[in-house]
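S.K.: One structure, pasted below without further comment.
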Amino acid sequence: MPVITLPDGSQRHYDHAVSPMDVALDIGPGLAKACIAGRVNGELVDACDLIENDAQLSIITAKDEDGLEIIRHSCAHLLGHAIKQLWPHTKMAIGPVIDNGFYYDVDLDRTLTQEDVEALEKRMHELAEKNYDVIKKKVSWHEARETFANRGESYKVSILDENIAHDDKPGLYFHEEYVDMCRGPHVPNMRFCHHFKLMKTAGAYWRGDSNNKMLQRIYGTAWADKKALNAYLQRLEEAAKRDHRKIGKQLDLYHMQEEAPGMVFWHNDGWTIFRELEVFVRSKLKEYQYQEVKGPFMMDRVLWEKTGHWDNYKDAMFTTSSENREYCIKPMNCPGHVQIFNQGLKSYRDLPLRMAEFGSCHRNEPSGSLHGLMRVRGFTQDDAHIFCTEEQIRDEVNGCIRLVYDMYSTFGFEKIVVKLSTRPEKRIGSDEMWDRAEADLAVALEENNIPFEYQLGEGAFYGPKIEFTLYDCLDRAWQCGTVQLDFSLPSRLSASYVGEDNERKVPVMIHRAILGSMERFIGILTEEFAGFFPTWLAPVQVVIMNITDSQSDYVNELTQKLSNAGIRVKADLRNEKIGFKIREHTLRRVPYMLVCGDKEVESGKVAVRTRRGKDLGSMDVNEVIEKLQQEIRSRSLKQLEE
């Protein structure tokens with residue numbers, strides 16, 4: 001009979017099979033009330049599942065990440081329960097958990113309106129407030145199929161026929177008269193599912209195949225308590241205000257149009273930000289001793305066949321033909337960099353060779369996935385490739401890590417999650433080579449005092465990698481930086497150098513990206529700063545305004561002076577009230593507004609205001625220039641007097 005070992009090491013002995021709920025009740029009524037599920041020997045199980053042998057058990061509650069995921073999954077079933085009550089002829093497809101919530105794909109003979117969604121959410125709340133028990137039943141494949149066939153649930157029947165073995169025992173979960181099928185686990189009672197909201201609807205093809213029927217996907221979010229739900233909804237509200245597409249239009253940074261899906265039309269102010277970002281990256285490339293190169297944006301298909309990209313990536317590549325030759329527009333820069341490396345004989349003394357490029361890349365992303373600057377078809381990669389010996393890997397990875405943190409800190413990103421992906425089952429190279437490579441990456445992270453977690457088996461077949469995910473002010477994750485070792489591509493493309501022993505050797509290649517895509521990173525920055533770009537990045541850094549025509553000459557003189565000092569400045573001499581001008585440039589997020597009246601002309605000074613509405617008073621023009629130059633030069637995130 002089972003001996004149950006709890007997380008604190010204590011044990012409980014039973015003379016019969018017990019469930020996680022039984023053990024929770026044995027510990028105390030409070031834990032039993034909070035029990036959502038159990039983790040038995042590392043595997044999640046329902047609170048009612050029986051444990052027949054000795055096992056390690058953790059009780060899962062709403063405070064656990066697993067508990068929250070189970071709540072969300074059960075809310076998907078709750079949605080199914082409600083929609084079948086409102087529209088009984090609905091056919092249910094799939095209802096998985098996603099980040100922050102869940103969705104359900106349904107086949108319904110009407111297009112859901114906003115009023116329908118509100119009615120559906122209301123019915124879900126009515127059902128959840130009944131606090132009914134969720135009953136689990138393990139049945140044979142044949143019984144499960146008969147159950148759903150009798151209910152007309154053709155999509156569930158299809159899942160059983162195509163995805164579940166005949167000797168398997170599917171789990172059926174009964175919500176009163178409604179039944180759903182799932183691996184589970186699910187909540188034991190609907191009292192855990194009170195804090196949710198339906199968010200939106202969208203179209204989705206059955207099984208993601210455009211040849212199949214279009215279903216309606218209903219998205220929802222769910223949380224353990226009301227406070228967490230409200231906090232999430234507030235974050236969404238703030239995110240909507242910061243949407244880079246909205247701000248990009250307000251600030252006239254760029255636009256997209258139907259004739260070039262996923263391609264960016266940069267306007268003057270947006271392109272100014274892009275070029276300033278390039279200047280910043282170039283300054284770091286120089287500091288960290290990189291060469292900058294430029295490769296062609298398309299190359300013969302034969303080369304992409306050699307690299308393996310054609311076999312594994314051709315659906316995402318644009319192609320064109322000329323004179324009976326097929327060319328691929330590059331989706332990445334690495335093959336071109338190997339071609340540059342291959343020009344001329346290389347010695348071990350030439351290594352490491354660090355090669356960077358602002359490469360114009362194109363990928364044929366599905367039209368439905370395109371999203372402003374965040375997901376495009378044409379983009380600029382800030383990546384680099386380092387050619388080195390095996391002995392140099394650790395030092396080079398160290399340099400990459402320092403560069404990543406150096407650049408991210410400039411923008412104020414402090415929360416960065418790091419993951420190290422290790423060897424997959426299918427891979428090239430010896431175990432000894434992988435041992436050394438993985439150890440080099442781990443030691444480099446440890447030497448920089450960077451906590452990280454392993455992603456076992458998640459590396460590419462050609463080498464392990466480090467991923468850097470930064471979190472913005474709304475705690476959203478953005479995976480931007482990577483350091484990837486490559487033992488394959490140099491060999492495929494015949495790259496070599498002469499070693500100390502005068503023998504030809506294949507270099508190790510390190511793929512390194514920090515911002516990832518320049519376009520996407522500008523989108524991230526736009527939302528991070530809500531359009532209030534730090535002064536060094538702002539398209540227009542200063543606007544100088546007159547109050548009446550009598551100050552026009554003074555304004556023009558100052559405008560020229562600031563421009564000569566390297567400051568991006570504009571004069572506003574319009575015949576408008578000064579309050580109107582200030583409001584307009586404040587909405588344009590211009591960092592500084594200099595106001596000139598008769599008093600300023602007489603004294604040779606300017607009245608300084610910030611876009612946040614702070615009045616810095618009257619200041620000497622040379623003092624303003626000096627302070628602005630210092631703020632811009634240091635790439636400060638703060639404005640004067642902050």
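A Cβ is built for glycine as well, from the same backbone N, Cα and C atoms used for every other residue.
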S.K.: Given Swiss-Prot annotates HIS385, HIS511 as Zn(2+)-binding, which of CYS328, CYS334, CYS473 belongs to that site as well?
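M.R.: Matched candidate out of CYS328, CYS334, CYS473, per Swiss-Prot for Zn(2+) with HIS385, HIS511: CYS334.
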S.K.: Drop a 10 Å sphere on every Cβ of the recorded positions LYS286, HIS385, HIS511 and tell me which sphere holds the fewest other Cβ atoms.
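M.R.: Comparing Cβ neighbour counts within 10 Å for the recorded positions LYS286, HIS385, HIS511 gives LYS286.
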S.K.: If you count Cβ atoms within 10 Å of the Cβ of CYS334 (Zn(2+) binding site), leaving out that atom itself, what do you get?
M.R.: 24
S.K.: Round to the nearest Å and give the CA-to-CA distance linking HIS385 (Zn(2+) binding site) with LYS286 (N6-acetyllysine).
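M.R.: Given the Cα positions, HIS385 (Zn(2+) binding site) is 15 Å from LYS286 (N6-acetyllysine).
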S.K.: Can you list the residues of the same chain, besides CYS334, HIS385, HIS511, whose Cβ falls within 8 Å of the Zn(2+) site's Cβ centroid?
M.R.: MET332, ASN333, HIS337, ASP383, ALA384, GLN484, ASP486, LEU489, MET509, ILE510, ARG512
S.K.: Going by DSSP, give the three-state secondary structure for HIS385 (Zn(2+) binding site).
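M.R.: Looking at the DSSP assignment, HIS385 (Zn(2+) binding site) belongs to a strand.
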S.K.: Roughly how many Å separate the Cα of LYS286 (N6-acetyllysine) from that of HIS511 (Zn(2+) binding site), to the nearest whole number?
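M.R.: Between the alpha carbons of LYS286 (N6-acetyllysine) and HIS511 (Zn(2+) binding site) there are 18 Å.
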